[in-house]
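Engineer: The following block contains the structure, expressed as structure tokens.
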Amino acid sequence: MFVPYQTLHLLLTALAGTVKPARGKSAAALSSSHIYKKNHDVTKTRKGKTEQLLRVDDHDFTMRPAFGGPAIPVGVDVQVESLDSISEVDMDFTMTLYLRHYWKDERLSFPSTTNKSMTFDGRLVKKIWVPDVFFVHSKRSFIHDTTTDNIMLRVFPDGHVLYSMRITVTAMCNMDFSRFPLDSQTCSLELESYAYTDEDLMLYWKNGNESLKTDEKISLSQFLIQKFHTTSRLAFYSSTGWYNRLYINFTLRRHIFFFLLQTYFPATLMVMLSWVSFWIDHRAVPARVSLGITTVLTMSTIITGVNASMPRVSYIKAVDIYLWVSFVFVFLSVLEYAAVNYLTTVQERKERKLRDKFPCTCGIPHSKTMMLDGNYSESDANSLAGYTRSQMVPEEEKQEKMVVHLAMSNASNSSRKRGLKGHVGLRIIQNTHAIDKYSRLIFPGTYIFFNLIYWSVFS
């Protein structure tokens, strides 16, 4: 049977109109209405605001709980999230922590059948009384506010309150750098009530030393964290009285390996490099002078770099002792070549005078000739005594070697023996080759001895 399109459309519209949802409710609302019946919105069932539930408007929260009575106990515990930095130049440290306070304020008690607490954010904190704890010797501090103020307030039916906040604080730390960089530093973060003395507010660690918790992942690049611990004592101010003060103490030990690579090894290598000049010919003036100046300037740069990253303290640090002793060794190596060069010049001047005084060579056998290089002994000088000037040497040998005629009498021989025995040190100084020879042993030996003493004292 053929049914017109218009008639079919009217029939379907009529059938759809016979089934209608309840007034004001959708199909989805009908299917889930039983959920709303089981889980009621507490904000709708309670008549009034939170302030009315906690009776905030009924009390004066500008005064502490139990005002006029005994001191209110406020327990504190801390969880250290991170040690952000330790600054030797500014003598301070930066720490991020969770600071929690525990106290009882009966004005905030409320009736509850489930005995469950209520948790609020920082908006309620401005309307009730909270402890006025501050950080002593703090330079900068702030409460984190991303994405909102990191403040939590939890109130229990009997009036107990938990107040927690996340804070980053930069506080002063008195450091002793007399053993730097082989030192250990102990810093402390101090908490204290600003307005209330110990007669009004008693601060204490809630669980003793267990009140301080630290994150196991805390680490610093230059320090090893040895331990955290808590202490407490009274602090006195002459104008206001006694206050309870809590301390978060931590001990840091500096890693030495960084300074071994950046300071000690370069300084030691510069000292060893300055010893190379002892093996260079004293006539190579540009080589020895440039080497000495280079090592001196490098040591100056190392000393300047270390002091630039340190506070300007008035006492000597351990690293200063090592660097300045190393600098003295480098500087003495330059002075050593200056002495060698000067004595060589003086000796050459004397040789020229002797050649001018004795223009001819004497009749000394070839085996008894002596070069004017300063390498002669007493036995050689005695063996040359007694020769006369009449004995001559051919002109060819005169051109090959310059010799000196030494006419010594028996009396002069005996006086020379006494003079040589009394001036052994003078002979070593006059022998320019001997200065370099003994420097090759004295400089390394003395520096090794210094290192043994230094590391045994400061390590």
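Glycine is no exception: its Cβ is also placed from the backbone N, Cα and C atoms.
Unlike curated entries, TrEMBL annotations are predicted automatically.
Note that the coordinates shown come from a computational prediction; the quantities given were computed from them, not determined experimentally.
Annotation comment: TrEMBL describes 56-255 as domain 'Neurotransmitter-gated ion-channel ligand-binding'. Under the heading domain 'Neurotransmitter-gated ion-channel transmembrane', TrEMBL lists 263-455. The signal peptide annotation in TrEMBL covers 1-24. The transmembrane segment annotation in TrEMBL covers 256-277, 289-309, 321-343, 441-458.
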Engineer: Output the single range from 256-277, 321-343, 441-458 maximising the number of Cβ pairs under 8 Å to the transmembrane segment (289-309).
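Structural biologist: Most contacts with the transmembrane segment (289-309): 321-343.
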Engineer: Restricting to the same chain and to residues at least six past its boundaries, which positions have a Cβ under 8 Å from a Cβ of the transmembrane segment (441-458)?
Structural biologist: 179, 182, 268, 271, 275, 278, 318, 321-322, 325, 329, 332-333
Engineer: May I ask for the residues of the chain that lie six or more residues beyond the transmembrane segment (256-277) and have a Cβ under 8 Å from a Cβ within it?
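Structural biologist: Residues packing against the transmembrane segment (256-277) from afar: 181-182, 222, 287-288, 291-292, 295, 298-299, 302, 306, 319, 322-323, 326, 329-330, 333-334, 336-337, 439-440, 443-444, 447, 451.
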Engineer: What average pLDDT is reported by the model for the domain 'Neurotransmitter-gated ion-channel ligand-binding' (56-255)?
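Structural biologist: The answer is 92, the mean pLDDT of the model over that range.
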Engineer: Under an 8 Å Cβ to Cβ limit, what residues of the same chain, 6 or more beyond the ends of the transmembrane segment (321-343), are close to it?
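Structural biologist: Distant contacts of the transmembrane segment (321-343): 263-264, 267-268, 270-271, 274-275, 277-278, 282, 285, 288-289, 292-293, 295-296, 299-300, 302-303, 306, 429-430, 432, 435-436, 439, 443, 446-447, 450, 454.
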